[in-house]
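Enquirer: Below, the features straight out of Swiss-Prot:
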- Glu201: active site, proton acceptor (ACT_SITE)
- His154, Asp166, Glu227: Zn(2+) 1 binding site (BINDING)
- Asp166, Glu202, His300: Zn(2+) 2 binding site (BINDING)
- Tyr299: site 'Transition state stabilizer' (SITE)
- 1-16: topological domain 'Cytoplasmic' (TOPO_DOM)
- 38-373: topological domain 'Vacuolar' (TOPO_DOM)
- 395-407: topological domain 'Cytoplasmic' (TOPO_DOM)
- 429-437: topological domain 'Vacuolar' (TOPO_DOM)
- 459-475: topological domain 'Cytoplasmic' (TOPO_DOM)
- 497-510: topological domain 'Vacuolar' (TOPO_DOM)
- 532-580: topological domain 'Cytoplasmic' (TOPO_DOM)
- 602-618: topological domain 'Vacuolar' (TOPO_DOM)
- 640-643: topological domain 'Cytoplasmic' (TOPO_DOM)
- 665-937: topological domain 'Vacuolar' (TOPO_DOM)
- 17-37: transmembrane segment (TRANSMEM)
- 374-394: transmembrane segment (TRANSMEM)
- 408-428: transmembrane segment (TRANSMEM)
- 438-458: transmembrane segment (TRANSMEM)
- 476-496: transmembrane segment (TRANSMEM)
- 511-531: transmembrane segment (TRANSMEM)
- 581-601: transmembrane segment (TRANSMEM)
- 619-639: transmembrane segment (TRANSMEM)
- 644-664: transmembrane segment (TRANSMEM)
Amino acid sequence: PNGFVKFIRSIFGYRKTSLTLFVILTYVAVLLLAYLDHSLYYSVDLPTSHKEQELLHQAWVDLQHIAKYEHAYGSSGNDYVHDYLESRIVSAVAHKSYVEYDNDLNYTNNIMFGSRSELSGNSFNSVSYYESNNLVVRINGTDETLPALLLSAHFDSVPSSFGVTDDGMGIASLLGVLYYYTGKSTARPRRTIVLNFNNDEEFGLYGATSFLSHPWATGVHYFLNLEGTGAGGKAILFRGTDYGITKYFKGVRYPYGTSIFQQGFNNHLIHSETDYKIYKEKGGLRGLDVAFYKPRDLYHTAGDNIKNIDIKSLWHMLSNALDFTAIVTKGKIDLDADSLDSESSKSNTDTAVYTSFLNFFFAFPTSQVVVASILLLVLIPGISIPFLIIIFGYKKNWELSFVNVTKFPISLAISAALLNLFTNGFIVPFNQFLPNSSPFALVAILFATFLLLNYLILNGINLIFVSYKIVNHDEKLISIIETSFLYWVVLIYSTAKLANNVIGDDHSGEFPIIFLCALQAVASIFGLIGWSFKPVPKEHYVVVPQEEAEPLLGSSDNFNYGSPDVEDDRLVSDGSYDWSIQFLTIVPISTYLIYNSGFLVVDGINKSIQESLISQNLIYKLLQTFAISLSIPLLPFIFKVNRLFVLALFLISTIGVLFVATADSFNVANPLKLRFIQYIDLDKSAQDSFVSVIGREASPLQFVLSDIPSVKDSKGAVACVPTRDGLQDCSYKSSLDPKLVPGAKSFDDYLKVDILKNSSSNVDYPFGLLTGEIRIRVPKNRECVLDFKPSESTKIVSPFKDSPVKTVIVYKGKKSATTKEVEAESIPEGFSKDKDGNYVYKDLVGIDQLQLNKLDWDKSYHVGFQWVPNFSDVDINMKKSATNKLNVSVKCFWAELGKGEESTIPAYEELLHYSPNYVSWANSAKGLVSVSKTVEL
């Protein structure tokens, strides 16, 4: 018995070795739990039932076919995928009479719409014309009164990618759902299900937008959007429109998500968008956005291929789609009868706060989270203050000094400042892109450095003021209380923001603060209870040996820090070990919450350091915040860690310095991502083409291009110019011309612009609208962009900042000889069709750009414009014709990639072949080749 008691005392006594053991076990447990939670292999099981195995097998076969070629909207690979999907859909729907199929390829669902954005403080209005070939399936439910559920994914890729994750797995999952509900053993669902296999998401979210004009969109109230903004791994719940629909994600078998990502999207920290935006903002639907989210350096590159994907990733998305669909369609849900007057309906419209842990899903409305936060904010001081009054007002048994109270916040502030200096003064200058390859190594270095700094500063202060010490001051409890107050203040701010949660100022991902604050408060109150019951001190103090533990529910820390452990019988005679209760209350759970949140954020966005300087600055701030936050739960106990732990911190920091100086930022597993386009400017030359590559400044971009054979053979220079936000554009004249138009003798054959109508009569000038009309002839093409601006000569006298173009017209076919020019005032604002079925869009503020997307490879674009002449008083009298002119810049894109001898873009193939293995390639625009020409009307 004595040996057992001695063992327990040696483990749980407040000793350096005991504390260090607790710390090590805590970090091992946290890392292990987080790994199990985030691991695809340990958290997702492949199906065991024969039916689901068959579904997964067929979906995997479908994915292999989808990813056979790059399949951007402007490539023949897109037609291949469309036709393959159509054949699979037609085969599946033939089994059930209540399943319908429609193909937008019949030109019944073409759309035209405008979108306004802010560029450099100026309003920019773009109008898009899009010819849809969505594949839409409707599985009619038995209860026609129930609103329908939409499942959506897009079947196009970017030109540089095979689109396995983005969004082949989403499409394969939709096919899996279709196979399930058209299978012989599956009963007809009660709720109607609509499946939208949409096209051209990548450069305008066009497929989702066109679906809203489809007749089957009527009656749809809910949606599940399946996406990919990474390349494999687990599919995460990015965001939900509200709590009402998000809570149903709890029923899927492998839920994975956190509202931290939702906060990032809603606050525009993540710049890429998905079809979710269209369904929510334009369609007014309620739904979820489920997507793969990492790694970003393979996203939109050739690395997003079938070789880099695990079948478990597909099953994770497919199983979640099957489960969510089954939950929503098996009968009525409370959202079907939502009334704004009911309390449940009000909470259903709240933003959702959600997270998952080991396949358990937790979701709450923001209103409930706010109430819980307010209750906690009231309870903490309400309980703590009476104990403080008892301790300092009645018993007066806790004597504090200014040094005791201020040393922890001083240490925290100095350590944070030094850590920032270390980051921005050493890491960034020596290896600024290191977060791309080693984000968690940096977190470990910063974490160890921050702990070490606090250990040295706190114990240094103790050493300086050792002669002024008060024996029973309990610096551990002081640090716990001060940390609790810090969390309390942060929770006030977060709660105030969450109570008024809006898009652009979303705080739904800050829920861990509630738990951190509560845990810290419990530990501090526990310590205050101990002091409240501690006897009033005698007239003199007795110094207690360092290795003795604290009295029952109290503490008697001394300043012999740094002294060796005394491995003898001098343990606590009264058997109290309340420090362990405080440690177990604070450190394990707090550390997991902070690590899990930080891991997800860093793992999701660290690759975006290659996208901009703003992203780089954000990532380094997040790394420092992560390291500091991860340290805080341990800081109240940092006084007591033993020498070996301190030595480990020192070694990590020291080795970290060498690591930062020598580690590679880019490697095979974490490549440098560069963006390519080959461009021809016919205004300058019909014979020359240039390659433009965009990447980060100070990256190996210029070195990579200088080593390409055609560049060295031509002895041409690679010219690099800074563009925006830490990016640079490096270009060189290419000797490898694209081969996209058979029989073309020069690049003039790629793009011809015929001016059909140069202007209207000047009868009403300068007070009437001028009109112009052009035909754009571009063989083997689907995508062109027109930019409008006044003529250079007009700019001198123009008093207007807005675009002069007020109306654009896309002619459906050959213009009728009897067609009369439509009077401007008779055209309604926004989109309309004239009597001949031509597509018309009018915006009196001005139209800066027209984006054209068509399906017929060889059909010409036929476009008309109406614009306001620019004039001044001088112009009215002199009627200078120069002020009537309009420049129309036409740029057309090609995305067709051949292989080997049939290579259509040899300059791109050369870069793929000769670049170092640490480089991955993506497109920088709609296509991989662009040809431009400017005409003046």
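Heads up, the Cβ atoms here are built off N, Cα and C, so glycines get one too.
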Enquirer: Measuring CB to CB from His154 (Zn(2+) 1 binding site), give everything in the same chain under 8 Å that is also at least six residues away in sequence.
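Expert: Residues satisfying the criterion: Asp167, Gly170, Ile171, Phe197, Asn198, Asn199, Asp200, Glu201, Glu202, Gly207, Ala208, Asp275.
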Enquirer: Based on Cβ pairs under 8 Å, which of the stretches 374-394, 408-428, 438-458, 581-601, 619-639 lies most in contact with the transmembrane segment (17-37)?
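Expert: The stretch with the most contacts is 581-601.
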Enquirer: Decide whether the stretches the transmembrane segment (438-458) and the transmembrane segment (476-496) have at least 3 CB pairs under 8 angstroms, with pairs required to be 6 or more apart in sequence.
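Expert: By the criterion, they do not touch.
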Enquirer: Do at least three CB pairs under 8 A connect the transmembrane segment (511-531) and the transmembrane segment (619-639), leaving out pairs fewer than 6 apart in sequence?
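Expert: Taking Cβ pairs at least 6 residues apart, the transmembrane segment (511-531) and the transmembrane segment (619-639) are not in contact, as fewer than 3 fall under 8 Å.
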Enquirer: Does the transmembrane segment (511-531) reach the transmembrane segment (408-428) with at least 3 CB pairs under 8 A, where each pair is 6 or more residues apart?
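Expert: These two segments do not touch.
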Enquirer: For His154 (Zn(2+) 1 binding site), what is the secondary structure state per DSSP, taken as helix, strand or coil?
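Expert: In three-state terms, His154 (Zn(2+) 1 binding site) counts as strand.
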Enquirer: Translate the DSSP assignment of Glu227 (Zn(2+) 1 binding site) into the three-state scheme.
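Expert: Assignment for Glu227 (Zn(2+) 1 binding site) reads strand.
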Enquirer: I'm a bit unsure how to read this: which one of 374-394, 408-428, 476-496, 644-664 has the highest number of Cβ pairs shorter than 8 Å with the transmembrane segment (581-601)?
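Expert: Looking at each of 374-394, 408-428, 476-496, 644-664 in turn, the most contacts to the transmembrane segment (581-601) are made by 476-496.
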Enquirer: Work out, from DSSP, the number of helix, strand and coil residues along the topological domain 'Cytoplasmic' (395-407).
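Expert: Helix/strand/coil tally for the topological domain 'Cytoplasmic' (395-407): 7 helix, 0 strand, 6 coil.
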Enquirer: What average pLDDT is reported by the model for the topological domain 'Cytoplasmic' (395-407)?
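Expert: Computed over the topological domain 'Cytoplasmic' (395-407), the mean pLDDT is 85 on the 0 to 100 scale.
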Enquirer: What same-chain residues, at least 6 away in sequence, bring their CB to under 8 Å of the CB of His300 (Zn(2+) 2 binding site)?
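Expert: Same-chain residues close to His300 (Zn(2+) 2 binding site) (Cβ under 8 Å, separated by 6 or more) are Val158, Ser160, Ser161, Asp166, Ala922, Asn923.
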Enquirer: Around Glu227 (Zn(2+) 1 binding site), how many other CB atoms lie within 10 A of its CB?
Expert: 27
Enquirer: Could you name the residues, excluding Asp166, Glu202, His300, of the same chain that surround the Zn(2+) 2 site, i.e. Cβ within 8 Å of the Cβ centre of those residues, in sequence order?
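Expert: Here the nearby residues are Ser157, Val158, Ser161, Gly163, Asp167, Gly228, Tyr299, Asp304.
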Enquirer: Taking the Cβ of Tyr299 (site 'Transition state stabilizer') as the centre, how many other Cβ atoms fall within a 10 Å radius?
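Expert: If we count other Cβ atoms within 10 Å of Tyr299 (site 'Transition state stabilizer'), we arrive at 24.
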